[in-house]
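Taken from TrEMBL as is:
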{"type": "DOMAIN", "residues": "38-100", "note": "domain 'Cathepsin propeptide inhibitor'"}
{"type": "DOMAIN", "residues": "171-385", "note": "domain 'Peptidase C1A papain C-terminal'"}
{"type": "DOMAIN", "residues": "446-500", "note": "domain 'Cathepsin propeptide inhibitor'"}
{"type": "DOMAIN", "residues": "539-752", "note": "domain 'Peptidase C1A papain C-terminal'"}
{"type": "REGION", "residues": "124-154", "note": "region 'Disordered'"}
{"type": "SIGNAL", "residues": "1-26", "note": "signal peptide"}
{"type": "TRANSMEM", "residues": "406-427", "note": "transmembrane segment"}
Amino acid sequence: MKKWWNWVLGFALICLLFVAVPLTLSNQKGKEELKPMFDEYIQKYNKSYKNKPDEYAVRFEHFVASVREIEELNAAARGPEEHRARYGLTRISDMSKLEYKEIHLSDERLKKSPHLYGKSWSKFRDQKPENTVGNDDNDTPHSSHQRNRTPCANEPHNNVYVIIRKKRATLPLKVDWRTKGVIGPVRDQGLCGACWAFSTVGTIESMQAIKTGTLMPLSVQEVIDCAGLGNSGCAGGDICLLLDWLTITNTAIQHEKEYPLRLMSGACKATKNATGVRISTFTCDDFVGAEEKILEALATHGPVTVAVNALTWQNYLGGVIQYHCSGAPADLNHAVQLVGYDLTAEVPYYIAKNSWGADYGNGGYLMLAVGTNICGLANEVATVDLIGFPFADISTIKMNRNTLKFVVPLSFLILILCGVLILNVVFTRELDQNEHFENVPTSKVFDAYLKKFNKSYTEAEYKIRLKYFRAALVDIAKKNRETGAVYGLSVLSDRSQAEIRRRFITQSRIAPRLKNTYSNCSGKIYQNLATDNLFSEDLPDYKDWREEGMIGPVLNQGNCNGCWAYSIVETMESMAVKQKMSHTRLSIQELLDCVSVCEGCNKGHVEEALNEMCINDTVVTTEDSYPLGISRGNCNSSTFKGRKIKEYWHYSFMDENILRRVIAHHGPVIVKVNAQPWINYLGGIIQRGCMRSEDGATLDHAVQIVGYNARGSVPYYIVRNSYGADFGIGGYVKLAMYRNICGVADDVAFLTVY
């Protein structure tokens, strides 16, 4: 018995050591022991920071973290050796996890099911020949697109082998479209976060090659520059949203030689008469729990595009990824092209074409386990068909382009995959946090800035302002990558964020008691102009009240936090003109002095000011009678002559379709926004990087919306600011519509006067 027990104990100890050694190897190795390996890594990948001690130290820490993660992932791998996922050092192993995410991935979340785009695969394949999978009565996907299990438990799907046996007679056990000559070379997206474009264009190339017999590279750059409906070039996009845009606009994707790749966002250079490849139909589906449909599409249709979670792919070298890769929809952050599968392998897998260069993974490819929704690959699956090349068995199916209205993709938070920050921006920010300023312009640039804006400082203040200036440069570069607008140096670029908030931004909020109110201030009954007629008239695609002489000059609030008063008075002036009264400048100073519920230039709230003015029947006198900057302290408005508020409306979290109608049919409106990201704004449309109140942002500024333009690929509001005519676009800002950018629809007020 004792001998038997010793054998058991010995065997258990050996097993324990077998498992424990790989997991603890990194901990046993000291950092200094990894220095030679790091130096070899630097040389192998031609890195340039060996002689930069600060950067070297930061990168070494990231390298050590990668080594430990690599060993943990390799130790946790299971299954046959030849099919285990293998992890090792790659050219991005010296990035922090945060940096890797910010440069290559995005944490945006898909809020609605992909089936809202295009057609469902089940409907798309209603008419199938006898040799297709669809003949199996028990093989219908979820028409409701509801997930019937945990998205990814990192365990084999409980019916994956049932699926394989079930499909043996109807599907080939191996499909690899690369062997058919219809898959183009692996591209490298570099620091451009347009994986959504690379993967989708790759699939379109393949479908053209399948039908014509010729593989022709198509222009990814055209899609990066031109795709609208919320796609944002190198700053992110979505595969289903792109296909919807291509179909709605009937856009032709040109050949790459006609529109070459530049790996940066730019102006669209495509012409209306351009020739190229056009989409006729597409499908987008959620196949979680129904991956046999992905196999069916790959076998009977062609390559497909999928959204994935690539967080653990940083150090991937090869093998089948089976574990440690979440499939939750909230974790999707990348897009790839599936070009085949192998069901004969001991671990069945998909073949995924990535866009990180041919030196990544298996020659630019990965293998992802079938049946587990590994890395979320079944959450968003897209197929395409091309104009002029329909499949025989689906030629009678017509694409219903009304399945997704124009406003749908813009009224919810789209899955913005692959959000990108250029490497030097991210790294400069990291150095800035450590009080290192590598690659930041010298004081000579700051001196030129001071000269341009006619500023001068003492020696001590100069050093402080230079620090803020450098931080502004980092912020400007970051926003130019993130937001879609143009940022640069402004008169405020040498001020701290705290100073800007204190002197230029009002700490605002939404007053709960005044949400969604309508007030008739005069006591008389008037037609509810802003609501009764909103939907009785056609909605124009363009409206600019400046063109009708209703908008006065842009004012400059200076160091006064009185934006609430500026926006109210400006809107009263505008509505007086619309109501056929004279264009008279009204007194902002009167409101700053006399609205007791607010605190003048310290702070104030639009809705509370409107409520007090309505209750007190306040007369707002003319600018000449009560000039700006001269406080009279005389708040007896009964002695004044001017305008009164007749009625006003205040809405919280307004539907942007209604907001657009109010602007078009009622007139200019007052909105509160998160303006902290605006400080260095120069022009363009702010599309991203400006949070709403529900994201935790503070609505800290009040402005006037004077119109909108929905004619282009990115519809936008025309916003009149109060930072002077030298700010932004002649004092104006453009905010993207249908995204509630900067919280523009969170707090809205509009009024009439008499």
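The chain as shown is numbered from 1 upward.
Cβ coordinates come from backbone N, Cα and C, glycine included.
Where the annotation comes from TrEMBL, it is an automatic prediction and has not been curated.
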For the domain 'Peptidase C1A papain C-terminal' (171-385), which recorded stretch in the set 38-100, 446-500, 539-752 gives the largest number of Cβ pairs separated by under 8 Å?
38-100
Could you tell me the mean pLDDT over the domain 'Peptidase C1A papain C-terminal' (171-385), as a whole number?
91
Across the domain 'Cathepsin propeptide inhibitor' (38-100), what are the DSSP residue counts per state (helix, strand, coil)?
38 helix, 3 strand, 22 coil
Counting each residue once, how many in the domain 'Cathepsin propeptide inhibitor' (446-500) are helix, strand and coil under DSSP?
35 helix, 3 strand, 17 coil
